[in-house]
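Participant: Quick one: the structure is below, and I'll ask about it shortly.
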Amino acid sequence: MSIKSDKWIRRMAQEHGMIEPFVERQVRGADSSRVISYGVSSYGYDVRCADEFKVFTNIHSAIVDPKNFDEKSFVDIKSDVCIIPPNSFALARTVEYFRIPRDVLTICLGKSTYARCGIIVNVTPLEPEWEGHVTLEFSNTTNLPAKIYANEGVAQMLFLQSDEACEVSYKDRGGKYQGQTGVTLPRT
């Protein structure tokens, strides 16, 4: 398995629609103001967070159960910023829609800008032939409120290409998150 370069990422996005919308260079500023970078980097793609958030709340004193998840555990927010309460959690989604090739596994890592502020981004691997908007999980590990910026970089995708295509892809087995759009809650 080898990590793929900016040239490969650019080609796959432009010729095969692997990432849409696609930004073919790294953006660090917009309209004379600094932003948290997004777009193609040397060996990855920095994704942006859309302006749709679900912030974890304890208003209804629900129990967090991944097999029987109560949507009332979240408050929906549509904004250019999201404030995550101390020691809490929020979900969002990428601006970008992904179509992962059959011989590629994609790993997502949080950006250091957020990690150095105590904000952890978690995403499980994007499996071969998975497609959709990526649901992003943000954990605020601090005892202070934390801010997430929509339409700016939040995580980096690394593309690992195998020597051979897998026998059974995510699409083949009818994965439960295939084709997801919007912020997607747990499914069983």
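Note: Cβ is positioned from N, Cα and C throughout, glycine not excepted.
Computed from a predicted structure; not experimentally measured.
Okay, so Swiss-Prot annotates it like this:
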- K111, S112, T113, Y114, A115, R116, T135, L136, E137, Q156, Y170, Q180: dCTP binding site (BINDING)
- E137: active site, proton donor/acceptor (ACT_SITE)
Participant: Taking the Cβ of E137 (dCTP binding site) as reference, which residues of that chain separated by at least 6 in sequence fall under 8 Å from it?
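Facilitator: Looking at Cβ-Cβ distances below 8 Å from E137 (dCTP binding site), excluding near sequence neighbours, one finds F89, A90, L91, V121, N122, V123.
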Participant: How many neighbouring Cβ atoms, not counting its own, are there within 10 Å of the Cβ of T113 (dCTP binding site)?
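Facilitator: Excluding its own Cβ, the number within 10 Å is 14.
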Participant: Note down the number of other Cβ atoms within 10 Å of the Cβ of A115 (dCTP binding site), including every protein chain shown.
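Facilitator: Excluding its own Cβ, the number within 10 Å is 13.
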